[in-house]
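A.B. asks: Checked TrEMBL, it gives:
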TRANSMEM  20-41  transmembrane segment
TRANSMEM  47-68  transmembrane segment
TRANSMEM  75-94  transmembrane segment
TRANSMEM  100-119  transmembrane segment
TRANSMEM  131-155  transmembrane segment
TRANSMEM  161-186  transmembrane segment
TRANSMEM  193-215  transmembrane segment
TRANSMEM  247-267  transmembrane segment
Amino acid sequence: MLNKFFKLDENNTDIKTEFLAGLTTFLAMAYILGVNPTMLAEGGMPATGVFFATALASGVSCIIMGLVSKYPVGLAPGMGMNALFTYTIILAMGNTWETALAAVFVSSIIFLLITISGLREAILNALPFDLKLAIGAGIGFFLAFIGLKGAGIIVADPATLVGMGTILSAPALLAVIGILLTLILYIKKVPAAVFLGLVITAILGVIFTLFGFGAGDPLMPAIPTEFISFNFDTSVVGAFLKGFSQLFTNIPNLIMILFSLLFVTFFDTTGTLIPLANQCGFVDEEGKADGIDKAFLGDAISGIIGAILGTSTLTAYVESATVLVLVVEQV
C-alpha cells in the first residue's frame with residue numbers, strides 16, 4: 001500500500017531507504033526541540049509547554065506534508081520566525097505571548113488564503129529562478145552561523161561583531177569532529193553518511209559528558225534522568241484565543257505584525273521548498289516545480305496548527321536536504 005501511494009518504485013527507492021531518510025531528517029531537525037522552548041521562554045512562555053507544542057505541531061505537520069504533497073520535507077518552528085515572535089512581537093513591541101500567538105494564527109489564515117487563491121504561486125513564478133535558489137543558500141548560511149555560534153567556534157566581538165572562539169573547548173571540538181567525520185563519510189560515499197555522522201557525534205557527546213570533558217559547560221549534553229515521561233504540559237494549547245482580546249486594540253501595530261510574519265514566512269518557505277524541489281528533479285525547464293501547490297498547502301496549514309498548539313510559525317526545513325543525500329546514494 002505504501003509503495004503504491006508514495007510511488008516508491010517509480011522514484012527508485014524503498015521502505016528501508018525512506019525510513020532511514022526520515023530518521024536522518026529528524027536527527028537533523030531535532031535541535032529545535034531544545035532551541036525553540038528556550039527562545040520562546042524569553043518571551044514569558046512556559047518552556048515545557050512550548051516543548052510539547054513544538055513536538056506535536058512538527059509531527060502532525062510533517063505527516064500532513066507527506067500525505068498531501070509527497071514532498072520529502074520536514075516542518076517545524078522556523079529559527080527566524082521564533083526570533084521575530086519573541087524579540088520583536090513580544091519584547092520589542094510589548095505584546096503578551098498570547099497576543100503573539102493570536103497574531104500567528106491570523107497571519108497563518110491569511111497565508112492559507114493566499115496559497116489557495118494561487119497568488120502565492122503566481123508571486124513565486126514571477127521571481128527569477130536564480131533568486132529562488134539563492135534564498136535557500138542564504139537560509140543555509142544563516143543556520144550554519146547559528147550552529148557555529150552554538151558550538152562556540154565563533155563568538156561575539158565588540159570590535160568586529162564576530163570573532164573566533166576557542167577550538168579546544170568541548171562543544172567546539174565535538175562540532176569540528178562531527179563536521180569532519182560527516183564530510184569524510186560523504187566523500188567516501190559511505191551509505192547513510194549524514195545519519196552516521198549525526199549518531200556518532202551524539203555518542204561522542206555522551207562519552208565526553210560521562211568522562212567529565214566539558215563538565216559544567218551549558219553547551220554540552222546532559223545525561224537524562226528518565227527516558228520516557230507522559231507528563232505532558234498542555235498549558236499553551238489553545239492559549240491564542242486569550243490573545244484576541246488585545247490583538248485588535250492597535251490596528252497599525254497589528255498590520256505591522258501581520259506584514260512581518262507574512263513576509264518572513266513567504267520567503268522562508270519559498271527559499272526552502274524550491275531548492276529542495278529542484279534537487280528532487282521536480283522543477284522543469286521554465287523553473288516551475290511540479291506539485292508545489294500541494295506542498296504550499298501543507299506548509300500553510302502547518303502555521304495554523306502551530307498557533308493552535310502554542311508555538312511560533314512553522315516552516316519547511318532546509319535540513320530536509322539530508323534525505324536527498326541518502327536517497328541519491330541508493331540510485
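Cβ from N, Cα, C; glycine included.
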A.B. asks: Between 20-41, 47-68, 75-94, 193-215, who has the most Cβ pairs under 8 Å to the transmembrane segment (161-186)?
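C.D. replies: Going through each listed stretch, the top one turns out to be 193-215.
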A.B. asks: Are there residues at least six beyond either end of the transmembrane segment (75-94) with Cβ under 8 Å to its Cβ atoms? List them, or say none.
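C.D. replies: Result: 29, 32, 35-36, 39-40, 42-44, 54, 57-58, 61-62, 65, 100, 103-104, 142-143, 146, 253, 257, 260-261, 264-265, 268, 298-299, 302, 306, 311-317.
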A.B. asks: What residues in the same chain, six or more past the boundaries of the transmembrane segment (47-68), come closer than 8 Å to it by Cβ-Cβ distance?
C.D. replies: 29, 32-33, 36-38, 40-41, 74-77, 232-237, 294-295, 297-299, 301-302, 305-306, 309-311, 314, 316
A.B. asks: Take the transmembrane segment (247-267) and find every residue of the same chain, 6 or more past its ends, with a Cβ under 8 Å from one of its Cβ atoms.
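C.D. replies: Answer is 78, 80-81, 84, 88-89, 93, 95, 99, 102-104, 106-107, 110-111, 114, 120, 123, 135, 303, 313, 315.
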